[in-house]
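Features as listed in Swiss-Prot:
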type: BINDING; residues: Gly38, His39, Ser40, Gly41, Ala42, Gly43, Lys44, Ser45; note: ATP binding site
type: DOMAIN; residues: 2-242; note: domain 'ABC transporter'
Amino acid sequence: MIEFQQVHKTYRVAGREIPALNPTSLTIEDGQVFGLIGHSGAGKSTMLRLINRLEEPSGGTIIVDGEDVTAFNASQLRGFRQQVGMIFQHFNLLASKTVADNVALPLALAGELSRSEIDKRVTELLARVGLSDHAKKYPAQLSGGQKQRVGIARALSTNPKILLCDEATSALDPQTTASVLQLLAEINRELKLTIVLITHEMDVIRRVCDRVAVMDAGQIVEQGSVAEVFLHPQHPTTKRFVQEDEQVDEGEQRDDFAHVPGRIVRLTFQGDATYAPLLGTVARETGVDYSILAGRIDRIKDVPYGQLTLALIGGDMEAAFARFKAADVHMEVLR
């Protein structure tokens with residue numbers, strides 16, 4: 001478990017103190033994939049790097065597995081960092097070393113394994129990330145996605161309990177991003193690693209995370225399960241991220257719907273309810289006609305969800321609303 005207890009970070013620049021992270025408390029459970037999302041300058045990178053003390057906190061306490069990381073001396077910190085892997089946006093591979101040597105580097109520096117043991121471990125790691133045939137290649141011979149897979153293998157080399165991902169997919173194309181996220185999900189599931197990732201893309205959060213914290217101006221403005229935050233955003237920053245992900249402009253949508261008669265509602269379905277024939281049933285039972293104005297079906301991690309924007313006309317409107325709520329469908333009345 002990772003706990004932030006009123007942790008804050010301030011930089012001193014040209015004689016002025018610039019807050020990067022306001023006093024923040026947060027708990028990340030073992031085995032979770034936890035996402036920190038925010039625009040540039042929100043404080044997410046600072047928060048991530050505080051976990052392994054690449055950034056030193058200005059105050060507060062960071063507890064990992066019951067131990068106060070902020071109180072570690074240099075020797076304790078070195079040992080702790082071997083339990084925390086990290087992957088980066090720009091891969092940070094050594095150009096003069098082969099793929100195998102890049103992955104072996106942390107093990108060689110630790111000095112705890114023989115050469116044959118290191119070679120065996122590297123072979124296992126390259127197989128896990130799908131690069132067994134690339135061991136003798138150099139970084140310049142790899143695609144961006146392959147470079148990131150090398151970075152992931154290197155981060156796993158010391159059998160960490162925690163994996164920190166610093167914008168790990170932001171330099172990749174959508175297809176490669178999807179494959180890297182799938183790999184991270186497999187690693188989380190099979191190795192029971194706690195993964196903390198930062199991103200500015202809601203799609204990344206939706207694909208792989210269990211819980212998410214939304215950051216803005218150095219503070220967490222909203223947090224919860226990905227389904228709660230993604231489907232029912234409360235803070236304006238969260239709503240902007242969701243709109244960007246859905247590629248929806250609410251102002252334009254309101255204008256488009258201005259001429260549509262009746263009540264306009266947005267329904268959100270999760271799990272099995274996503275595929276249930278609810279609209280037809282409600283229409284028959286209440287006499288309410290409907291027009292579908294917008295809709296989508298997608299997934300949050302492995303759970304399907306659907307959203308429909310409807311115009312409802314005639315019949316027993318209150319009975320229709322009650323029927324939607326009884327079916328455990330979230331309903332938002334837009335007009």
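Think of each number as a place in line: the chain as shown, counted from 1.
For all residues, glycine too, the Cβ spot is worked out from N, Cα and C.
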Binding-site residues: Gly38, Ser40 - member with fewest neighbouring CB atoms within 10 Å
Ser40
Excluding Gly38, His39, Ser40, Gly41, Ala42, Gly43, Lys44, Ser45 themselves, which residues in that chain have a Cβ inside 8 Å of the centre of the Cβ atoms defining the ATP site?
Ile198, His200, Met215, Asp216
Highest Cβ count within 10 Å among the binding-site residues Gly41, Gly43: which residue is it?
Gly43
Averaging the pLDDT values of the domain 'ABC transporter' (2-242) gives 94
For Lys44 (ATP binding site), what is the secondary structure by DSSP, using just helix, strand and coil?
helix
Residue among the binding-site residues His39, Lys44 whose Cβ has the most other Cβ atoms within 10 Å:
Lys44
Within 10 Å of its Cβ, which one of these binding-site residues (Ala42, Ser45) has the largest number of other Cβ atoms?
Ala42
